């Protein structure tokens, strides 16, 4: 009987630990989005293909770049 109780406790602990683990997601990068060219939040991505000359590019370390906002030199569109 003790072995059955221990087995149930161990299986329950295994189930809880397995469900608590976070899923790892691999983010696909285009060549111009690799970490060396895009580390941290910045607005200096003018030469990147993800934005045009009037939009700011923001890249978070380990994520794809996002084009947000309009540069002051372009005014409102």
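Yeah, the Cβs are placed from backbone N, Cα and C, and that goes for glycine too.
Features as listed in Swiss-Prot:
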SIGNAL    1-20  signal peptide
DISULFID  38-51  disulfide bond
DISULFID  45-57  disulfide bond
DISULFID  50-67  disulfide bond
DISULFID  54-74  disulfide bond
DISULFID  59-65  disulfide bond
LIPID     73  O-palmitoyl serine
MOD_RES   74  cysteine amide
> So how many other Cβ atoms are close to the residue listed as 'O-palmitoyl serine', meaning within 10 Å of its Cβ?
Replying inline: 7
> Near residue 74 (disulfide bond), how many other Cβ atoms are within 10 Å of its Cβ?
Replying inline: 13
